[in-house]
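Trainee: In case it helps, Swiss-Prot gives these features for our protein:
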- 174-229: ATP binding site (BINDING)
- D306, E318: Mg(2+) 1 binding site (BINDING)
- E318, N320: Mg(2+) 2 binding site (BINDING)
- 145-351: domain 'ATP-grasp' (DOMAIN)
Amino acid sequence: MAHNTTRVAILFGGRSAEHDVSRASAANIFRSLDASRYAVTLIGITPEGRWVLADAVNARTAQALTVPPDGPQIVLLPAGQGRALVLGDGAAAPRELTFDVIFPVLHGPNGEDGTMQGALELADVAYVGARVMGSAAAMDKDVAKRLLRDAGLPIVPFVTMTAAAPVSYEDAVHAVGCSELFIKPANLGSSVGISKARTPQEFAAACDLALRFDGKILIERCISPVREIECAVLEHADGEVKASELGEIVPASSHGFYSYAAKYTDASGASLHVPAQVEPGLAQRIRKMATEVFGVLCCESLARVDFFVHGEEVYVNEVNTLPGFTNISMYPKMWEATGLPQPALMDALIAHALARHARLRQLASQR
């Protein structure tokens, strides 16, 4: 191994309804990392939350990485600066691994919501993505929308609901000013658990579905007609924040909106347009708004900012601090269209993680 090779651990899988999306994203990232520059270790997280060494069961050609349920367990050491122990691989004593940077390719709860970021902070290791505050703020759509609204950024009218504090269809319609509603879990992505409701019966079923995935759900006004426009944001190692060319998602009429099935299980579920055909002045407004959103929510490293466009009106929909990197995912496609191919994007993300960690270690932690 060359002396200047960077040791990267890819975390994937996880205790989340987006476990399978994570496995596909991680495979794409694994293929994109230059083998001459990076020594990669694959760490799978089972649906039960167990960390396992996954190198032996995965190849760079895989379309989705495998999490071996009985693989050797990995334990990341607190304050270990990237040191980890491998348990149960047949060795007489625990084996030690060391990483320079960790790439958490984890979507949804227990990976994108600040919990993993907190663990990595305690491990004192460089990692890709937003820190605890940005991850948590962006993941909770209720909190994110309140912060964006307070900052003067446009959002779709919404109301929140929990099982302990239910909201009737009539009250929701009155609150958001529309009889056609979207219901979604507050802390989930990949369109998991999202439904559209136009009647009290549909509303009740939609709330029951969303509450299966989260204790808090969001009820939003349905904007129609609408264009779903996305923008990728990237922070470089020197702190410069840039916005990409825009992308547009056009769901098939059979789906009605960009559902989980339209994204991942139906090859004809949606058409993706990168770059999006948006009037230059409007496109510039959206890109500027994307970087503002990035700052308001304390994002770092990377984020995908999703917008609804209704005529000349632009609404911030949501922010993903660990966006998908599957073969169909928009974040890498938008940077590709901007002139940054995925291997160079990986370089930029890892460089940012290393530079940030070095800066943070220089801050005084004791008097």
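Here the Cβ of each residue, glycine as well, is placed from N, Cα and C on the backbone.
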Trainee: In whole Å, how far is E318 (Mg(2+) 1 binding site) from K216 (ATP binding site) when you measure between their Cα atoms?
Mentor: 16
Trainee: What binding-site residues in the list L181, L188, S195, E202, I223, N320 lie within 10 angstroms of D306 (Mg(2+) 1 binding site), counting C-alpha atoms?
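Mentor: Matched binding-site residues: N320, sequence order.
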Trainee: Distance check, please: Cα of I223 (ATP binding site) against Cα of N320 (Mg(2+) 2 binding site), rounded to an integer number of angstrom.
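Mentor: The separation of the Cα atoms works out to 21 Å.
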Trainee: Across all the protein chains here, work out how many other Cβ atoms are within 10 Å of the Cβ of E318 (Mg(2+) 1 binding site).
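Mentor: Total other Cβ atoms inside 10 Å, all chains included: 20.
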Trainee: Which has the fewest other Cβ atoms within 10 Å: L188, I223, the binding-site residues listed?
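Mentor: Minimum Cβ neighbour count within 10 Å, taken over the binding-site residues L188, I223, occurs at I223.
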Trainee: Of L181, L209, which of the binding-site residues has the most Cβ neighbours inside 10 Å?
Mentor: L181
Trainee: Should H174 (ATP binding site) be counted as helix, strand, or coil on the basis of DSSP?
Mentor: helix
Trainee: Excluding near sequence neighbours, so keeping only residues 6 or more apart in the same chain, what lies with its CB under 8 A of E202 (ATP binding site)?
Mentor: S195, K196
Trainee: Just going by other Cβ atoms within 10 Å, which of the binding-site residues H174, K216 has the emptiest spot?
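Mentor: Among the binding-site residues H174, K216, the lowest count of other Cβ atoms within 10 Å belongs to H174.
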Trainee: Looking only at S195, N320, the binding-site residues on record, which one has the least crowded Cβ, with the fewest other Cβ atoms within 10 Å?
Mentor: S195
Trainee: Which state, by DSSP, holds E202 (ATP binding site): helix, strand or coil?
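Mentor: In the DSSP reduction, E202 (ATP binding site) maps to helix.
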